[in-house]
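Student: One structure, pasted below without further comment.
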């Protein structure tokens, strides 16, 4: 594929150079011609404008046919469904407008290409037309704004209803740590000024705070399906952004403050692995990886689908590899897993 | 400078090489200086950088001799280092946004066209104008020097969010490289303010007799409003830069708090990076309109001239420019929906952001209608104008998604954003710039014209290539790929996007190479371009009444007076005859003819 594309580029560049030298020679021969578009220039460029319209539609269709499959699978969070719906409605509007306006623009470019002696229409304004195309965007956008704001307010309202699981996402260059509130589901106080690496207090928990004793620090985020999770986010050094694309969730982690996001996971990792789109994607990627493995290239181990948390705010050299695995599982699996994790108190004690 | 006092201006100054070509106070020369420094030189550097990192994205970790040759120690054995990748991305953004599209575009055309189109001898202050260019030049030199600092140039992204940009321990580029970046930008802002104040004063005070504000060509309206936005918002960036310098060098805590890095706690307490984001985007968002408005003005003018029709809805176009300018200063928060600021603020900014789509839509519709039933002269400048409307629509529409706080959550900081803003402000502004260069080249270089066939090659390859790069990029973003990733190999879920990256890079290389055709055409035409007639495009505006040979003071005799608006193309009497027999346009300095009605517009 790469070789083919490189070859195509070379061929195209060669053609371009050949054509340009030809054009250059032609322009030298007819030295008396001014550099102003003639009727034949208008004609050819008019045709090309029409061709360009076809190109725009073509690249749209091509991209959809070829790249739709790379898009994210259906949302795995409670609010994600509404997010996806709003997205698709917005896209429908966008493509409708795009289809019409590009058609008019390029078709007019072709249709009204200049000819010697042709008379253009002196058409300076028309209040009715202008009113129409002011009011239509106003109405459409008002609808989108209202829908968007309604959804936004719902997503961003973070409260303690429905017994949410409290989890801290802690960012640092270049890794993530998750902290659970433990049995009391309350996070202990913490500050970067209390960090004591030698005593394994890497998140700066306040050892005198009883709420901190049962906190659990882990490097893999486990979430029970169907239970709301309230994320409290902290960063110890620079800006990071906790991006969980499968859950349509993202929030920056800002040093000096705690930011929040909340969602309810609705699909377990195991279920997601059976989703037809995901099965297809995994198959495709493992095909690519098998080819790489055959050539002895790196990053070629077979892949199994997992949710993932990415850093999505430039944070330094290894920004591109700052990630944490997310596992959504049933309540029982989650309870079993969390019971096996050491509490903060136990960790401190084991160091001492 | 009064119009009457300078009637026999022209030959009594003894110009030396230095006063004519270097420390010139003549707006036409300053315009050319901006064009060559800002667009040709800085543009070359900025685009070349983008090719380097696009190659890394398409073929991650692969060794290229060109990397080793250009990046030296940053590309051991020809493999690009992750630090320099971020530096390239940062400097590409900085150079393209500020140096090419702000200074290069506004500097060139505001300087060239404001005096010539309003009928003035020169800018209100030639000296300030010269000072503005040379401060810009110094800032460009400092920015280029910063590429050679030992620890590397600034690499915190062009938005330089602290703490990353504030702490040298966070990133090598945040040392001397970032210091130079800030110094360069501070000088750049001063230069921009001097320039903008000059443009504003000139437009307000030096219009020739008869040139009321509602007879101004739309170019001048766009440059004028651009200058106003610049004066309002650039000082805020200066304050952000100054406070960041204080945090970096004098231990203050404006933007920093609670930081533990490389094993130690820093003393900073109480600052907030979110404050920086507010200050940055208070400029940063108007900035994209500072970039696009001049392009819109140029496109409006070039399109009307070449369509041989008045621009449709002249007053609506002015109203849209004003509405965009006003709204542009109250939408900055849409860059910060998920920054941790109060979600209610997010709602407000969603509202104002989607409102700005309305004047933008009006402009697009008016341009399309301007083409309707025209007699389109498809010169290269006209093609770039049509191309600009096309990319502005394509890129602008996805703004509906990004401006919606809900939808922004999942595409924020992904390639979707990159695709959006490159189309709507990068490519569109560049098209506006190219349209302007092809159209006013004869005005800049004593009547010489650029080769049209090379212009056609330039346009068509660029038009196809730009969509080829940025259309598929939306899909990469919607697949969840974050921007500013050195490589995507750390996430197997992105493996099937590598071939899209290759496709985009191939298009980028082709598109960038064809810009060399433009550069060749430009430089060659300065010396060997064919001389065209005085008014090659048959335009109505005043600049085409000035002689081809540049003289100080623009017009040898009295400044022409203006008797009509700038868009009397194909205007006829009721019986269908052109107002002036045998020509389909009436220049602005021609008085109203007998029986001619000054149409309401």
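A Cβ is built for glycine as well, from the same backbone N, Cα and C atoms used for every other residue.
A TrEMBL annotation is a machine prediction, not a hand-curated record.
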Student: Quick check on the annotations: TrEMBL lists transmembrane segment for one of B:178-206, B:526-554. Which range is it?
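Tutor: In TrEMBL, the transmembrane segment feature sits at B:178-206.
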Student: Scan B:344-362, B:363-381, B:572-590 against TrEMBL and say which stretch is down as transmembrane segment.
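Tutor: Comparing B:344-362, B:363-381, B:572-590 with TrEMBL, transmembrane segment matches B:344-362.
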Student: Cβ pairs under 8 Å with the transmembrane segment (B:288-305): which stretch of B:34-53, B:84-114, B:178-206 has the most?
Tutor: B:84-114
Student: Express the predicted model's confidence over the domain 'Cytochrome oxidase subunit I profile' (B:17-573) as a mean pLDDT, rounded to an integer.
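Tutor: The predicted confidence over the domain 'Cytochrome oxidase subunit I profile' (B:17-573), as a mean pLDDT, is 95.
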Student: Spell out yes or no: are there three or more C-beta pairs under 8 angstroms between the transmembrane segment (B:218-246) and the transmembrane segment (B:84-114), with each pair 6 or more apart in sequence?
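Tutor: Checked: the transmembrane segment (B:218-246) vs the transmembrane segment (B:84-114), in contact.
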Student: Test of understanding: applying the rule of at least three C-beta pairs under 8 Å (pairs 6 or more apart in sequence), is the transmembrane segment (B:84-114) touching the transmembrane segment (B:178-206)?
Tutor: yes
Student: Quick test of the contact rule: Cβ under 8 Å, at least six residues beyond the ends. What residues does that give for the transmembrane segment (B:34-53)?
Tutor: 66-67, 70-71, 80, 85, 88-89, 91-92, 95-96, 99-100, 103-105, 107-108, 111, 133, 136-137, 140, 144, 433, 437, 444, 508-509, 512, 515, 519, 522
Student: In the same chain, who gets a Cβ under 8 Å from the transmembrane segment (B:126-149) while lying at least 6 residues past its ends?
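Tutor: Tertiary neighbours of the transmembrane segment (B:126-149) are 23-27, 30, 33-34, 37-38, 41-42, 45, 91, 94-95, 99, 103, 107, 111, 175-177, 180-181, 183-185, 187-188, 190-192, 194-195, 197-198.
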